[in-house]
Amino acid sequence: MDQARIAVVTGGSRGIGRAVVKDLAASGVTVVFTYNGNQAKAEDVVREIEEAGGQAVAIKCDVSREKEVKDLFKQVRTSYGKLDILVNNAGITNDGFVAMMSEAKFEEVLKVNLGGTFLTTREAVKLMMKQKSGVIINLASTTGISGNKAQTNYAASKGGIISFTKALAQEVAEHNIRANVVAPGFIETDMTKGMDQGVLSRMLELIPLRRIGKPEDIAYLVTFLSSDRASYITGKVYTVDGGMVNG
């Protein structure tokens, strides 16, 4: 148990983010996580972690807004004096065919997914450079690698995160800061639970392991990459997709 480590996880109140927050906390990390919608769900996560003996704090933050991001990291710096781990998970989709997509619809997804990753990373790196240590894990998607119909905006944002992280890893390595990407495939969420059975069956045919991933499948990898056991790993992209994307 590494009680002294401090993590910031964006978008931590549900889905993959929730699983990441809970698994990091279970490993002894104190987790500050953001939410931008349902306060009750965020409070539920904090309560579950505290009941299990862990430590977590929920802070409302829109990662696409510079002032809110700066305020978030100011609070982390004031409360803890350091930051060991940043997990950029917050993101949105707004799907549509490119011929009918408005500029606003395209830019909104880029602003939250890629722009938000930039804003939080910039503030985290400032703290990590001073302490000469840190780990940054950015959540992308297999869509950012292989693309997906009607998701040009989302694919661009996630592909951008992958390239951003590869460049970042080279930039910050001299400061003993690591940066990696986790790219989930088809993961079980509230949305997939209500999916048409025919659509689900066709999707499963594309996955060699013939099952949908669970949020915990992502969380376990994030916890490993954030640990000292992964101290020689940086600039890498890890797909967690049941074998759907090769290469």
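Backbone N, Cα and C atoms are what each Cβ position is placed from, and that goes for glycine too.
Annotation comment: TrEMBL describes TYR154 as active site, proton acceptor. Marked as NADP(+) binding site by TrEMBL: GLY11, GLY12, SER13, ARG14, ASN89, TYR154, ALA155, ALA156, SER157, LYS158, ILE187. Per TrEMBL, the feature domain 'Ketoreductase' maps to 5-189.
Feature map: annotations from TrEMBL on the structure.
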residue : record                       : Cβ contacts under 8 Å, 6 or more apart
GLY11   : NADP(+) binding site         : GLY17, PHE33, THR34, TYR35, ASN36, VAL63, ASN89, ALA90, GLY91
SER13   : NADP(+) binding site         : PHE33, TYR35, GLY37, ASN38, LYS41, ALA42, ASP44, VAL45, ALA58
TYR154  : active site, proton acceptor : THR93, ASN94, ASP95, VAL109, ASN113, SER141, THR143, ASN148
ALA155  : NADP(+) binding site         : SER141, THR143, GLY144, GLY147, ASN148
SER157  : NADP(+) binding site         : GLY91, VAL109, LEU110, VAL112, ASN113, LEU114, GLY144
ILE187  : NADP(+) binding site         : GLY15, ILE16, ILE212, GLY213, LYS214, PRO215, ASP217, ILE218, VAL240
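In the three-state DSSP scheme, ASN89 (NADP(+) binding site) is classed as coil. Confidence over the domain 'Ketoreductase' (5-189), given as mean pLDDT on the 0 to 100 scale, stands at 98.
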